[in-house]
Amino acid sequence: MPVKIKIEKKEKHTRARLGKLTTPHGEVETPIFMPVGTQATVKTMTPEEVKETGGRLVLSNTYHLYLRPGHDLVKEAGGLHKFMNWDGPILTDSGGFQVFSLGPLRTITEEGVEFRSHIDGSKHFFTPEKVMEIEQALGADIAMAFDECAPYPCEKEYAVAALERTTRWAERCKRVHKREDQALFGIIQGGVFPDLRERSAKELLAMDFPGYGIGGLSVGEPKELMYEVLDQLMPIMPEDKPRYLMGVGSPDCLIEGVVRGVDMFDCVLPTRIARNGTVFTHNGKLTVRNAEYARDFRPMDQQCDCYACRNYSRAYIRHLIKTDEILGIRLTTIHNLHFIQHLMQNIRQAIREDRLLEYREDFLKVFNAG
């Protein structure tokens, strides 16, 4: 099996697990946060800079890379690792979420999804087989099965149909996925309905994927509902398979996910808000582009030792962002990724020492106060 997880420690008071995820491109510690490199790049960053922030496993996007530059071109370049000069592990999502986000631009049938490109309106058709062809050409260490992501809120009837189709599509993905140096993960759906989540999990667990994504959360539902789904789902998940909560990356959700037994996370949030001039700090979010920081010569976060906080002030970074200088959003991105990776490092240490609940309380008390 190209990808497997070895659980090294279970936290005494929670479901949290400390593990090592082995992939064809090296071993990474879990719980892990994956920076998102939608178009084969973590926006504004070089691979070396991503590594300096603590990033070890990155995510890239099947839908976007299929449209531009095309999966055949990436294959010709020697695969995604060579193309983007990243020597660590990569995960590609299946494009399911992106396609379903297109709303009126897409039509779902049993065979697959017809959609119009958000770039030029051209027509395309994704089937599970087509998505497997694309992901195998990209050659990431982990490929996600093609799923149907039900929106929130949605009728139970719709959630059932999406769940059933996700199961059938997972079977089709598994049938045609042949690449031996790539692991195919299944994705559990079911909306916010506990019985449907359980059903989806059981159907996918029966297919014995080497790992499982939990999809269809963080799509607008209240956080409490997401936590309820995890509380109910995690006890039935196999101990020896990685569990990946898709699209989740705010500091509070990362901690709450780990407490419930999640191993892997990804999210555009840290990099996206950085480009809007907002950063995470130990005292909550700070919008550094705001006028109140024009004469503030302190670092963005006084407790942070990232490159940006060691060298630049809020006033300077605000100036860069206000004048549309690219360095500004590079510095906020470096900081946010460093902040999240540092948080994950602290979480792993807290699991090691069986004090995750104390860490959660201490961190959130100060973070939420901001």
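Positions of Cβ are set from backbone N, Cα and C atoms, glycine also.
Because the structure is a prediction, the values reported are computed rather than measured.
The active site, proton acceptor feature in Swiss-Prot is assigned to D93. Taken from Swiss-Prot, the feature active site, nucleophile applies to D266. Annotated substrate binding site per Swiss-Prot: D93, S94, G95, G96, F97, D147, Q189, G216, in sequence order, evidence recorded as sequence analysis. For C304, C306, C309, H335, the entry in Swiss-Prot reads Zn(2+) binding site, with the evidence type sequence analysis. Annotated region 'RNA binding' per Swiss-Prot: 247-253, 271-275, in sequence order.
Cα-Cα distance from D147 (substrate binding site) to D93 (active site, proton acceptor): 10 Å (rounded to the nearest whole number). Long-range contacts of the region 'RNA binding' (247-253) within the same chain, counting only residues at least 6 positions beyond its ends with a Cβ under 8 Å from a Cβ of the stretch, are 33, 97, 215, 217-219, 223, 226, 265-270, 280, 339-340, 343, 363-364, 367-368. Take the Cα of C306 (Zn(2+) binding site) and measure to each of the recorded positions D93, S94, F97, Q189, G216: the nearest one is D93. Note on proximity: of the recorded positions D93, S94, G96, the one nearest C309 (Zn(2+) binding site) is D93, by Cα distance.
Nearest by CA distance to S94 (substrate binding site), out of the recorded positions D266, C304, H335, is D266. Long-range C-beta contacts of H335 (Zn(2+) binding site), restricted to its own chain and to partners at least six residues apart, with a cutoff below 8 Å, comprise A274, V279, F280, M300, D301, C304, C306, A308, C309. Cβ atoms within 8 Å of the centroid of the Cβ atoms of C304, C306, C309, H335 (the Zn(2+) site) belong to the same-chain residues V279, P299, M300, D301, D305, Y307, A308, R310, I334, H338, F339, site residues excluded. Closest to D266 (active site, nucleophile) in space, going by CA atoms and restricting to the recorded positions D93, Q189, G216, is D93.
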